[in-house]
Each structure stands twice: as structure tokens, then as C-alpha cells.
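TrEMBL lists 1-375 with the feature domain 'Amino acid transporter transmembrane'. Feature annotation from TrEMBL assigns transmembrane segment to 20-43, 76-95, 115-132, 144-166, 178-198, 210-233, 253-281, 293-313, 319-339, 359-379.
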Amino acid sequence: FQGIFVLGLPYALLHSGYSGLFLIILAAALCCYTGKILIACLYEENEDGQLIRVRDTYEDIANACCKNLSPKLGGIFVNVTQVMELIMTCILYLVVSGNLLSHSFPYVPVTEKTWSVIAFVTLLPCVFIKTLKIVSKLSQLCSLVHFIIILVVMIYCLTQIHRWSWAKFRLSVEFEDFLVSVGVIIFSYTSQIFLPTLEGNMKNPGEFRCMLNWTHFFACVLKTTFALTAFLTWGEETKEVITDNLPSFLQTLVNLCLLTKALLSYPLPFFAATEIVYACISRGNHSNYRSPLFALGVRGSFLLLTLLMAVFIPHFALLMGLTGSVTGAAMTFLLPSLFHLKIKWKKLSFLEKCADITIFILGFLCSIAGIVCSIKGLLEVFG
């Protein structure tokens, strides 16, 4: 939850004012709720009233909902959506790595794309990752680096406490700017793609709901504290990535930490995407698909694909925004609430049905607004 998006939260407050603080809390509550209802769709009651895990993946849930239309239609849609979002995330980490390297070593005569290729070389060992345990260890290191970055920014902000003023907060905001803030805040909490796998790999899946409550609570507290502290320090001068506001002697240190974080973040979406594709291909009982060499080929192909797209796609940030508006909103709000209504309709209370329908509508509106803003940006870029 404490990903690179967190560094954009102070900028989101600049454009959303007091409503941004409310959005950070609301987004935490909504994403926590949709995570719970998504996992609830994995279970059914047996004859004794005990909950049994009858589905394993997001795909299984989708297939169960669409079985009357087509046995595999829902799963195909979910898998395509998941893989698109995960690949875009991997590409973004490569683009960010190239950008950070070029800013950290401005005197080296190397282009940003070349720096992305250099960063890519350090990611080659990802083709040998076979289990989630390795990914979790890398994610722990990623979290440690992230907290170092946050600590550096927070300590600097506290040294500037004499500059703080609540008058910097806006009461009225521009609608389009507000939509940008909504996107940054909501998508800083998204994790639904990973939840079925995560819950299935827990030593005690019964603690999943408790874990989700506490992680979202602490994420909300940390995000609010960080965003508020940074915004009160720089006010109208707040930049899109808050580390750009730091003095030059701290910027290089933080940029190298961010580079480390981006590279350590890459394996999680990469592993998830390759596992989805490998599972889809190997379902046909062909011995070639089950061989370690084939799995290595799938992972290697994906690794190369992310590099090629990072190097050759122009205006990637706008395309990322467009894809995120479609896939992010769908996976986080639209599909969990829709699947929950479909699978559990007879067992849901009136309030639970209202909550699911409300979240579905909010997700739909966020998606449409994000698509409109992204397309508008692309049209402006291409004239």
C-alpha cells in the first residue's frame, strides 16, 4: 500500500484541499471492503454451515458469475484485465528507473531510454523466481527502502515547521484537478489483484480480514500524516513527486533510494502476470507446457516485452493513466462488488446490497472520468 504513488499524495492535496484528507480515509475504507467481499466470493457454505474454499483465483470467481453466458468468458476477461494492469505496472517501474538514473547522474552522456535498459539488466534474475516466498522477501526490502525515503522527507519537513500554515489548504477546487487527485489517492490503495493468491498462501487464512483491517488502517494513518506534513511545508510549491521539492543534496540520495524501491517493486507484478499466463497456457495437460524450460521462456518473454514497451511507447504516462482508469477501477471497485452481488445475492442483507451497488456506481463514475481526462490529454499531445 505504501508504493511510489504515496509520493504524489501531497500534490493530490494541493488540488483537492480539505476534501483530499477525507478521500484518503474513504478510499482506505472502500478498498478494504472490496478486498473482503472479493475473498468472500472464494468461499461457499457446506451442508454443515462451514465455509469451504471452492475457488482459488479471481478468474474462478469470474467464471462462476458468467457460467450461464459462457463457462470461461468471465475468466478470460479478468485475466486479460489483470495482465494488462500488471504489465503496465512493470513498464512504469522501468520508465521510472530510467528517469531516476538520468536525474541522479545528469553529467553522464546517456539517454533516459539507455538508463532504462541498464536498469533492466539488474532485473534479469526475475526469470528464475518460482515462488511467492522470494517475492515476499524482496517486498520486505522494498518496504524498508520506502520507509527510509518517507523518514528523510518527514525529518526535513519537521525542520521546516516554522513554514507550516493551514491557510495553504483550498476550500474550492477545479473539477479536473480534483479528478486527478481522486485517481492518485484511490489507486495508491489498490491490491485486489494479489489478494486471492495472498489469502491462499497465508498460514492462517482465518486472520485475513483482521490483517486487511489493520494494514488499511495503518496505511491510511501513514498516508495522511505524510501528505499533510509535506503539503504544509511547501504549499503551492508542492511538485508532482514530492522528492523533487527537496534540496539538491538530499535529492540524489532519495532518488537512488527510489530507484532501489522501483527495482525491488518490479518482481511482484511480474511474478503475478507470468503466473496467470503460465496457468492459462499449461491448463491443456501438454507436457511441454509443464517443463521448467517452458516456464523460463514465458518469464523471459514477459521480461523482454516490458523493456521493449518501456523504450518504444511514446507518452507512456498518458497511456498508463488511460489503462489504469479502465483496469484499476474495474479490478478494485466494479468487479468485486458485481461478483459479490451475483454470487451472494440471496445471503446479503439490504445494507450490504446497497453498499455493493453504491461502490459499483462510484467505481463506474471514477473510471469514466479518468478515461475522459486521459483521452483529452492524449488528444492535446497529438494535436
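Cβ coordinates come from backbone N, Cα and C, glycine included.
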Would you kindly list the residues that approach the transmembrane segment (115-132) from elsewhere in its chain, counting only those six or more residues past its ends and only Cβ-Cβ distances under 8 Å?
94-95, 97-99, 101-102, 197, 201, 259, 262-263, 266-267, 270-271, 295-296, 299-300, 303, 306-307, 310-311
Contacting positions for the transmembrane segment (144-166) when only residues 6+ beyond its ends and CB under 8 Å are counted:
2-3, 6-7, 222, 225-226, 229-230, 232-233, 235, 242-243, 246-247, 250, 253-254, 257-258, 260-261, 264
I'm a bit unsure how to read this: which one of 178-198, 210-233, 253-281 has the highest number of Cβ pairs shorter than 8 Å with the transmembrane segment (359-379)?
178-198
Quick one: find which recorded stretch in 178-198, 210-233, 253-281 has the most Cβ pairs under 8 Å with the transmembrane segment (76-95).
253-281
Check for me, if you would, whether the transmembrane segment (20-43) reaches the transmembrane segment (293-313) - at least 3 Cβ pairs under 8 Å, residues 6 or more apart in sequence.
no
Go through the chain and flag residues at least 6 beyond the ends of the transmembrane segment (178-198) whose CB is under 8 A from any CB in it; none is fine as an answer.
1, 3, 5-6, 8-9, 11-13, 15-16, 19-20, 23-24, 27-28, 30-31, 34-35, 38-39, 42, 56-58, 61, 82, 85-86, 132, 216, 219, 223, 268, 272, 275, 321, 324-325, 328-329, 331-332, 336, 366, 369-370, 373
Under 8 Å between C-beta atoms and at least six residues away from its ends: which parts of the chain pack against the transmembrane segment (293-313)?
87, 90-91, 94-95, 98, 113, 116-117, 120, 123-124, 126-130, 270, 273-274, 277-278, 281-282, 319
